[in-house]
Amino acid sequence: MSTSLKYPNSTSLAPAGEVTDTRGVSSNGKHEMLSGLLLEDAMVHNAVHKMQNPIDKMFFLGFIAGIWVGLSGIAATMVAGGIPIEVRQQWPTLPKMGLAFFFPFALHFIILFGGELFTGNTMILSIGLWNRSIPWRRALVNLVIVWVANFLGCLTCAVLFSYETDLFIAEPYLSYVREVAYTKAKGHSWINIFLRAIPANTLVCMAVMLGFAARDSAGKILALWFPVMMFVIPGFEHAVANMFFLSNGLLYGSPITVGWLFFNQSAALLGNLVGGALVMATSEHATNHWTSPIPFERGHAAGTLTAGDVESTRKAKENRPVEEKRQMRDLVRTRSRSISQRKEPIG
């Protein structure tokens, strides 16, 4: 593989079941979750692994992910669309709750079984780029191929497993499928869709990050579930999810066109890119590698300690004369010996 692909601070990958610390040293200690640099290193590791996949495998994994999204979309639509129209109108949050409960299974399948999801890759590859561990051209190729493959997977699922099986041919399903597609395509302006797409992928990428942090299957499932529910309930725009819902609506006669589908995709895709690459990847990297250019000064209030004071105190302690340090150690040893030699009176 190209020498431009590297895993920072590590010369090899840790065996399965082991964890690497921030220096890349393998440890058999059991970690319930990863955080900080450990978490970032795990995502960089994954970004490098994605770059090592040949293009045909990238496409295959992206297609599989599209199938998972489509199947989860079918199940979620069956639950949400099965609510009577009168109830949906009176309790509009109820179908959203049904949709939000079942749709996260798509991410469960992708993370646990395998797959390449465009929206998750915007964060993972951006973290790899921030750490200078992957080439940007290869990352761009991955995003384009995975987006196309996700789209074809969602479209295939909509045609074969939704439309050809007549799952939503009758009411109240039919009106719900058409309404969802129409609302996503024509119900909002371009900038509205773009802004709704930013928190959508921020939450999806948070779910992916929590999935990396969790070290067992049960933890991953729970970690992935709730952030996805949070983006579904408000109706935020997720480009890959919309691939299925818009395609499904078109097939079932929603009054939209293919042009409206790509109108939604253009805004949702760019918004998702901002949410994944800028909001999540950049903030995660900045949190772990923050270097402040702002000098600290003593606070105005009496007795207030600033970071500069703490740093000065630390340096002063480090620069104490060696003899003073030795005397302090001897004093501590003498005091400890005196305490240990005390004898309690016999009762």
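Just so you know, glycine gets a Cβ as well, placed from its N, Cα and C.
So that you can see what the record holds, here are the features copied from TrEMBL:
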- 1-13: compositional bias 'Polar residues' (COMPBIAS)
- 311-333: compositional bias 'Basic and acidic residues' (COMPBIAS)
- 1-28: region 'Disordered' (REGION)
- 307-347: region 'Disordered' (REGION)
- 59-85: transmembrane segment (TRANSMEM)
- 97-118: transmembrane segment (TRANSMEM)
- 139-163: transmembrane segment (TRANSMEM)
- 193-214: transmembrane segment (TRANSMEM)
- 221-246: transmembrane segment (TRANSMEM)
- 258-281: transmembrane segment (TRANSMEM)
Two-stretch contact, the transmembrane segment (258-281) and the transmembrane segment (193-214), at least three Cβ pairs under 8 Å: yes
Long-range environment of the transmembrane segment (59-85) - Cβ separation under 8 angstroms, sequence gap at least 6: 53, 94-96, 98-106, 109-110, 113-118, 145-158, 161-162, 167-168, 171-173, 175-177, 180, 240-241, 243-245, 248
Winner by Cβ pairs under 8 Å against the transmembrane segment (97-118), considering only 139-163, 193-214, 221-246: 221-246
Beyond the flanks of the transmembrane segment (139-163) by at least 6 residues, Cβ under 8 Å: 47, 50-51, 55, 58-71, 73-74, 116-118, 121-122, 125-126, 128-129, 239-240, 243-244, 247-248, 251-252, 269
Positions whose Cβ lies under 8 angstroms from the transmembrane segment (193-214), at least six residues beyond its ends: 33-35, 39, 42-43, 46, 104, 107, 111, 119-120, 122-124, 184, 220, 222-228, 230-231, 234-239, 264, 267-276, 279-281, 284
